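Colleague: Structure provided below as structure tokens; questions to follow.
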């Protein structure tokens with residue numbers, strides 16, 4: 001039943017559809033990271049078929065990151081223009097087709113091209129998830145909601161190594177990509193069929209709708225229901241110090257964390273002597289710690305807000321602490337045993353996930369829901385320059401030195417830089433006033 005304006009009539013009673021939506025986003029991001037991780041786990045075995053050099057391996061691993069980074073701002077803008085329902089589904093569909101097609105790859109050039117396509121498809125995943133959360137959750141719940149969908153990425157990363165290693169052992173690396181591609185296509189079809197903005201979902205109760213609308217004025221609610229929201233142009237966003245702090249800080253954490261998504265399996269095999277069985281068993285430990293880091297980030301952010309801490313104090317504390325934990329990856333260069341190295345990397349991955357949950361709260365903290373997509377894409381664009389540089393830099397440093405010591409130290413140093421950026425460059429966390437900027441456009 002709806003009103004004359006098409007808005008559903010609400011029923012009394014408690015519902016929790018917003019958390020269902022967060023879990024669905026988490027499933028999408030789990031598939032995202034399985035697809036993303038498939039190449040790094042499979043690459044040591046693919047190189048035997050294609051005779052790929054270490055330098056070419058770095059190019060393949062970074063191809064995804066370059067297209068992913070370049071498409072961040074366009075993807076965010078498209079998400080704000082056409083909505084998360086259309087664009088999240090399109091994003092998953094495109095990357096899943098590219099993943100599935102890797103089943104047929106027969107050359108370096110073909111693999112490189114499909115990795116570029118994968119990056120284009122996956123560019124919309126996190127901005128669309130952030131926009132979805134900004135629509136469905138008030139500020140006091142957004143960190144937990146962000147940790148839910150972000151933990152999907154962590155779970156995908158954690159299960160990717162043992163599952164992919166098992167599939168490779170049973171059927172070979174090609175089947176990894178076909179199975180992952182089919183899963184993503186099924187998710188995208190389901191999203192298109194079922195997702196709607198909360199204002200249009202009649203099964204949401206009055207109490208839950210009141211929670212969703214906390215902090216939103218009447219004009220914003222009406223624009224959301226009518227689909228007439230307008231985003232702030234990206235050139236105006238780039239005038240703001242907060243946006244640059246978000247971009248640079250995110251660059252630092254993504255530079256460090258990309259090691260786990262690209263060179264980590266090779267590090268365990270070549271540097272620490274892991275075989276396929278050990279890789280499957282122990283390679284999942286740092287990703288599991290990242291899941292705990294993601295949940296911890298969401299819970300601690302929201303708990304500190306509930307205790308009365310200001311938003312700025314909460315966000316900065318969590319960002320700086322998370323980045324310093326991430327920096328311990330550099331210590332793995334000095335420890336003699338694989339166990340100690342794995343422990344330090346687990347702490348580092350925990351810290352990176354803790355940080356990233358907080359980072360993805362910032363777009364909705366600084367701008368209205370109408371602009372979350374493009375701001376999320378803007379910060380993610382710069383962060384993924386770090387992702388693109390990491391495998392290339394590490395590949396050439398590893399090739400030149402024959403060891404991972406220098407690359408690990410570099411990752412730790414960049415993490416410390418990120419902590420300094422969040423501590424001293426990020427301004428007060430509050431909605432940015434664009435009134436003067438928009439008048440001059």
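A Cβ is built for glycine as well, from the same backbone N, Cα and C atoms used for every other residue.
What TrEMBL records for this protein is below:
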DOMAIN    21-430  domain 'Major facilitator superfamily (MFS) profile'
TRANSMEM  19-39  transmembrane segment
TRANSMEM  59-79  transmembrane segment
TRANSMEM  86-112  transmembrane segment
TRANSMEM  175-194  transmembrane segment
TRANSMEM  243-264  transmembrane segment
TRANSMEM  284-305  transmembrane segment
TRANSMEM  317-343  transmembrane segment
TRANSMEM  349-369  transmembrane segment
TRANSMEM  381-400  transmembrane segment
TRANSMEM  406-426  transmembrane segment
Colleague: So which residues does the transmembrane segment (243-264) touch in its own chain, when a touch means Cβ under 8 Å and the partner is 6 or more beyond its ends?
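Modeller: Those are 33, 36-37, 40, 61, 65, 157, 237, 283, 286-287, 290, 319, 322-323, 326-327, 329, 345, 348-349, 352, 355-356, 359, 362-363, 366, 375, 378-387, 389-391, 394-395, 398, 404, 407-408, 411-412, 414-415, 417-418, 421-422, 425-427, in sequence order.
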Colleague: The transmembrane segment (19-39): which same-chain residues, six or more beyond its ends, come within Cβ distance under 8 Å?
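Modeller: Beyond its ends, the transmembrane segment (19-39) has Cβ neighbours at 46, 60-61, 64, 88, 92, 95-96, 99, 102, 115, 118, 122, 125-126, 129, 132-133, 136-137, 145, 148-157, 159-161, 163-164, 176-177, 180-181, 183-184, 187, 191, 195, 261.
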Colleague: Six or more residues beyond either end and a Cβ under 8 Å away: which residues meet both conditions relative to the transmembrane segment (381-400)?
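Modeller: Residues 54-55, 57-59, 61-62, 65-66, 68-70, 72-73, 247-248, 250-256, 258-259, 261-263, 406-407, 410-411, 414.
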Colleague: Same chain only, please: residues at least 6 beyond the ends of the transmembrane segment (406-426) with a C-beta under 8 Å from a C-beta of the stretch. Say none if there are none.
Modeller: 241-242, 244-246, 248-249, 251-253, 255-256, 259, 263, 315-316, 319-320, 323-324, 326-333, 348, 351, 355, 386, 390, 393-394, 397-398
